[in-house]
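Chemist: As listed in Swiss-Prot for this protein:
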{"type": "ACT_SITE", "residues": "Lys118", "note": "active site, N6-AMP-lysine intermediate"}
{"type": "BINDING", "residues": "Asp36, Ala37, Asp38, Phe39, Asp40, Ser85, Leu86, Glu116, Arg139, Glu180, Lys298, Lys322", "note": "NAD(+) binding site"}
{"type": "BINDING", "residues": "Cys416, Cys419, Cys434, Cys440", "note": "Zn(2+) binding site"}
{"type": "DOMAIN", "residues": "613-707", "note": "domain 'BRCT'"}
Amino acid sequence: MSERLSEISRHMRELRDAIELHNIRYYELDTPTIPDADFDKLFRELEELEQRHPELITPDSPTQRVGIPPLKAFPQVVHRTPMLSLSNAFTEGEVEAFDRRVRQSLGIAQVEYAVEPKFDGLAISLCYENGMLVSGATRGDGYIGEDVTLNLKTIRSIPLGLRAGDGSAEVPAFLEVRGEVLMLKADFERLNRQQREKNEKTFINPRNAAAGSLRQLDPCITANRNLRFFAYGIGVCEGGNVPHDTHSHLLDYLSSLRFPVMRERRTVTGVAGLLEYHHEINGLREQLSYDIDGTVYKVNELEYQEKLGFVSRAPRFALAHKFPAQEATTELLGIDVQVGRTGALTPVARLKPVFVGGATVTNATLHNEDEIRRKDVMIGDRVTVRRAGDVIPEVVAVQKESRPSNAKPFVMPEHCPVCGSRTIRLPGETLTRCTGGLFCPAQRKQAILHFASRRAMNIHGLGDKLVDHLVDNAIIRTPADLYKLGLAALAALDRMGEKSAGNIINEIEKSKDTTLARFIYSLGIRNVGEATARDLARYFGGLDRLMDADVETLQQVSDVGPVVAQSIADFFGERHNREVVEQLRAAGIRWKEGAGTQTTDHAAGSAHPGAAAASSKIAGRSFVLTGTLPTMSREEAREKIEAMGGKVAGSVSKKTDYVVAGADAGSKYDKALELGVALLDEAELIRLLQASQADNSSTHVDPERMV
């Protein structure tokens, strides 16, 4: 043997060893370390070398068999006819060559093909005797598989007994049905979520989840994994009225026996029909409920299939046309941190460019710090990247055996990479967040939109597009800048005339008169909704007391627990946020101070923040609003009641003191009558508010415009 031939032989041996290793990881361990596309490259390289040097083919070469030996944990089953795999095509030219070979072999001008999506699942065989399921096996190496009958019987889409749906099909004495076991995408996501909650191993993709679930020694585990089965053909058949003309009629027959078959299947003519179908299914790929990795073409006439026959490991009459790889391996060059509109910090992998899913990918999401730790991702690793359709590319696995010695762990930054504010991660949350909500450039648009929203400062006309214009043109940076806007600057914007600009300026000016609860809510403090903002305003009565409160004091407020208290303390503990709050006050925003219930030191001469509410006829009373009031909106009525220390509930109960009813009052009005709860109309509510306001005047607190 020449030196060059020896080198080729050595390389082929390395390829065989590598393919066998990856086969074991893929089929036995269900923990693949390389994407399918990389495996296909290794296999095709070995095939090409064997075609050029047939004298170097060995009996144990992976090209000479279909899969791998079965697991020793399951009994072995010898297939009555081999379960061969299909030859693959990756380009349109290879599909054209396949069609040409078929036509030339058959001596005909055009061929009709049965076509269907290619499942990305686990091939199995089901054997029925006199209509009853007696055994089921995996493909294994194509000749010997694993007996997984008990596990297969837990899959509800597999018939345990055969009967024709329309009465026309005759059940054979023996029937071997071949198909694919798979897991739907939604079930895969649910399974991985459950695995993470139990701190157990997660699966890379639905195919591996299906394989791992089917090979469980305990059938109860398989039963809980919600696997599905689809039939795609018949192996052996004895008796019955099974069609003998076309493959498509065979599938119709299986469907009549109540086997699930692919709905997207059809017949096409010629190579143009094959390629058109392939493009169509590729476009539908992300809409399907299950994973597919290509399309399958089979000569439809069964007589032609028999004439074409088989090569050593695949039929000549069929072809699998693969889609562009959705997974690929590349080097992780670094991890950058992006800040979203809500302040969430997201680690993003910076990658050596790699072509995957039909596009060149340079960045991929790592989701959060916990995911990085769970996957043990380090800078410098070789990683598997997945890109499916419009889904954001993500790092799904690490090739730890290839980890370089200089690989570096990732640490989430303690300060926001955009604005420099402190970052926090609250207990029970997976996301780290920037605390500079009012100041951070990454959060500007969201912060301003929330500030101006109807239930916050209620600035009509300040919508998404206008805020985009104002921020993108650096006209405003924080909510406080809204109160510095001039008519000329606004009117100069696209599609914004002087009249529209004047209306918005008036709305901004009107918003200066508000309530403390609305103002607190407008700041966008994480975990502080409208109800919590009202509780905080009622308890502290003034903004300074709230801003200076520590976590322990904050937890004295009704329904404020440790997480919410920490959010509030962190927000006001950030210098940038306090600066914006002071700018807002300086702009003229005002509200009534003093309607709190916090106890203070009277001996030191400080005013009692709860004095106003304490003497109010409304304080502590429970109200329910129903129907349409003549002059007030329900939101306005709520604010006036709460400003005097009252509470507004959503439903009527025995604890309700008053039901305020307007026009078209519904079931709440009826419930009040049934329970004997006092009913008020708007005029009576206003008189009650005025009486409470008069009582409060003796406390020397100056409430602004109560009614």
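Numbers here mean position along the shown chain, with the first residue as 1.
Cβ atoms here come from the backbone N, Cα and C positions, even for glycine.
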Chemist: Going by Cα-Cα distance, pick out whichever of the binding-site residues Asp38, Asp40, Leu86, Arg139, Lys298 is nearest to Cys440 (Zn(2+) binding site).
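Modeler: It is Asp38, whose Cα lies nearest.
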Chemist: Summarise the model confidence on the domain 'BRCT' (613-707) as a single mean pLDDT, whole number.
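Modeler: The average pLDDT of the model in the domain 'BRCT' (613-707) works out to 79.
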Chemist: So if I draw a 10 Å sphere around the Cβ of Leu86 (NAD(+) binding site), how many other Cβ atoms end up inside it?
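Modeler: For Leu86 (NAD(+) binding site), the 10 Å Cβ neighbour count is 18.
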Chemist: Taking the Cβ of Asp38 (NAD(+) binding site) as the centre, count every other Cβ atom within 10 Å, in any protein chain shown.
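Modeler: 17, counting other Cβ atoms within 10 Å of Asp38 (NAD(+) binding site).
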Chemist: Reduced to three states, what secondary structure does DSSP give Cys434 (Zn(2+) binding site)?
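Modeler: Looking at the DSSP assignment, Cys434 (Zn(2+) binding site) belongs to a strand.
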Chemist: Counting other Cβ atoms within 10 Å of each residue's Cβ, which of the binding-site residues Asp36, Asp40 comes out lowest?
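Modeler: Looking at the binding-site residues Asp36, Asp40, the Cβ with the fewest others within 10 Å is that of Asp40.
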Chemist: Given a separation of at least six residues and a C-beta threshold under 8 Å, show me what packs close to Lys118 (active site, N6-AMP-lysine intermediate) in the same chain.
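Modeler: Once residues fewer than 6 apart are set aside, Lys118 (active site, N6-AMP-lysine intermediate) is near Ile292, Asp293, Gly294, Thr295, Val296, Ala320, His321, Lys322.
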Chemist: Reported as an integer number of Å, what is the Cα distance between Lys298 (NAD(+) binding site) and Cys434 (Zn(2+) binding site)?
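Modeler: With distance taken Cα to Cα, Cys434 (Zn(2+) binding site) is 56 Å from Lys298 (NAD(+) binding site).
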Chemist: Using only C-alpha positions, which one of Asp36, Asp40, Arg139 is spatially nearest Cys416 (Zn(2+) binding site)? These are the binding-site residues in the record.
Modeler: Asp36
Chemist: Determine which residues of the same chain, besides Cys416, Cys419, Cys434, Cys440, have their CB within 8 A of the center of the CB atoms at the recorded Zn(2+) site, and list them by sequence.
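Modeler: So the extra residues in range turn out to be Val339, Gly343, Pro417, Val418, Gly420, Ser421, Thr423, Thr435, Gly436, Phe439, Pro441, Ala442, Gln443.
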Chemist: Could you give me three numbers for the domain 'BRCT' (613-707), the DSSP helix, strand and coil residue counts?
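Modeler: Counts, helix then strand then coil: 39 helix, 17 strand, 39 coil.
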Chemist: Determine, to the nearest whole angstrom, how far the Cα atom of Asp38 (NAD(+) binding site) is from the Cα atom of Cys434 (Zn(2+) binding site).
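Modeler: Roughly 40 Å, rounded to the nearest whole number.
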